Amino acid sequence: MQTKYIFITGGVCSSLGKGLTSAAIGLLLEKKGLRVSMLKLDPYLNVDPGTMSPFQHGEVYVTDDGAETDLDLGHYYRYTNSFLSKASNATSGQIYNTVIKRERHGDYLGKTVQVIPHITNEIKQRIVNCGKQQENIDVVLVEIGGTAGDIESLPFLEAIRQFTYDHRNNCLNIHLTYVPYLKAAGEVKTKPSQHSVQVLRGIGIFPDIIVCRCEVNLSDEVKDKISLFCNVNRRAVIEEKDVEHSIYEVPLDLHKQGIDALICELLHLPNPSINLSEWEKILETIKNPKGTVTVGIVGKYVQHQDAYKSVFESLTHGALAAGYKLQIKRFEADKLPLDDNQLAKTIEGCDGYLVPGGFGERGWLGKIHTAKLCREKKIPYFGICLGMQVMAVEFARHVVGLNEANSTEFDPDTIHPVISLLSEQRGLQDLGGTMRLGAYICDLKLHTKAYQAYKSSQISERHRHRYEFNNTYKEQMEKAGFVVAGTLKGENLCEIAEVKDHPWMIGVQFHPEFKSKPTDPHPLFRDFIQAMIIYHKSQHGK
């Protein structure tokens, strides 16, 4: 069978949920026994999002091979079994950089290098390459970032037009659009969607399926109108209403409307019935939880919805595994009082606290005092990346007695550099793509909470950092009750730390949130939630 290609574009406005829709479609196709490969094309000129502010871009999702990618790849991972790598995300910056390097090398033999055909050819090659990451890929699902009509998106849309023409019997175009509801008029308006489709048709792309993001149910009359003016079959007008309970409703809702069957019909793919009972069970747990646990997130970017997207989702997965509902409280670390009593009052009401990764000194002390509170009050604490470094420095200052302990990231001249720059990072000039990135093997110490969670002596986790725990202080810290529970294979670098005689206080240098699924929660998030439930019951008796 020839490989099929599905292109998903967006119209009217951004942030409609193309990534979620793409992931949900990928899941449904996999349930039909198809092998799916996912690709995100981003029109921005950055080579990757690694140096972009979380306030602008949201989180940076890291793959096993060390690619810093768009957060939509996190959705792909959580919903599908698609293999994700550097080939799963391409930006304008990468594509232009590749073409310019070839021109400098003389690969174009003196030709004038242009957007068409050189840039568009490179885009098409990236699409083909994505389908070759693994053998026997049946469907390549390509999400195009941005909105129809954006100047930055034009080369990508032109490349898709050409690709669809070249593979006309093996391509499908899905357009995700917004159908607004005007409360004052009490009406749903289809005109923005009509114009969005007109933009695509003017480029030469003719959508086969229209997915309509909306706040209210669309009447048959509205769907008929969209079908008529957008020139698609009535069955191909799919409603994607705001979810009531969870984003994990999306694949179930799309399946009920038959989008997976329609895709298989249009692409002449096998169309067996599918079993979504696992996802139905997840939704049932969300609707009828045993109870509620509350986690406090103490970080720099907590007010941005997507800055810690994978962390929030992984916590939800852990709660689902226990049959509980998760409530999240967000605390901006730089605004927390540093007095212990005032801090306890400010962040009270949580069953556990998580300090996620981040860069920069802002909020550093607020995080340290949060870790101190958790250690002293025996409250569950989970530190990720910088959160582990916070835990180490707090322990060094307040337990070991190294009052000047710090990270050289914030105080290069500290007399007690408990956290220091990785040796391979010294002397680097560029910021982009130069951190320790991707999957590394970690050896776990027996009889630790980390070992109990993983039930394995060796694990693989993904990294994104420049600084590490300084082994000069290891013996001194361990004598005081600091446990190095996991180390980098072949080296003695601290990957996991625990506090002895604490119910659950763990810090990890890696990013476990990148390897958690609703159907397969990460063991550390699962056990963190369990520790929170135990703490909640000890405080409230239920």
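Quick reminder: no glycine exception, Cβ is built from N, Cα and C everywhere.
A 10 Å cutoff on Cβ-Cβ distances gives C385 (active site, nucleophile) a total of 23 other Cβ atoms nearby, all chains included. The active site, nucleophile annotation in Swiss-Prot covers C385 and is backed by sequence analysis.
Under the DSSP three-state reduction, H511 (active site) is assigned to coil, being neither helix nor strand. For H511 (active site), the Cβ neighbour count at a 10 Å cut-off comes to 23, with all displayed protein chains included. Look at Swiss-Prot and you will find H511 (among others) tagged as active site, backed by sequence analysis.
Marked as active site by Swiss-Prot on the basis of sequence analysis: E513 (among others). Long-range Cβ neighbours of E513 (active site) (same chain, at least 6 residues apart, Cβ-Cβ under 8 Å): Y308, S310, V311, E313, S314, P356, I384, H522, F525.
Annotation source Swiss-Prot lists UTP binding site at S14, K189, T190, K191, P192, S193, Q194, K225, citing sequence analysis. In this view, K189 (UTP binding site) is surrounded by 14 other Cβ atoms within 10 Å of its Cβ, with every protein chain counted.
Around D72 (ATP binding site), the C-beta neighbours below 8 angstroms that are at least 6 residues distant in the chain are K18, G19, S22, A23, K40, Y61, E143. According to Swiss-Prot, the feature ATP binding site maps to S15, L16, G17, K18, G19, L20, D72, K241, D242, V243, an assignment based on sequence analysis.
Among the features that Swiss-Prot reports, domain 'Glutamine amidotransferase type-1' is placed at 301-538.
Long-range Cβ proximity for D242 (ATP binding site), meaning a same-chain Cβ under 8 A and a gap of 6 or more residues, is found for R213, C214, E215.
Taking each of the binding-site residues S14, S15, T190, S193, Q194 in turn and counting other Cβ atoms within 10 Å of its Cβ gives the largest count for S193. Comparing Cβ neighbour counts within 10 Å across the binding-site residues K191, K225, the minimum falls on K191. Between the C-alpha atoms of Q194 (UTP binding site) and C385 (active site, nucleophile), the distance comes to 46 Å.
Around the Cβ of G17 (ATP binding site), the same chain contributes L176, R213, E240, V250, each under 8 angstroms and 6 or more positions distant in sequence. Here the binding residues for ATP are S15, L16, G17, K18, G19, L20, D72, K241, D242, V243. Their largest Cα to Cα distance works out to 20 Å. Considering only the residues assigned to UTP binding, S14, K189, T190, K191, P192, S193, Q194, K225, the longest pairwise Cα distance works out to 23 Å. Here the binding-site residues are G19, P192, and the one with the most other Cβ atoms within 10 Å of its Cβ is G19.
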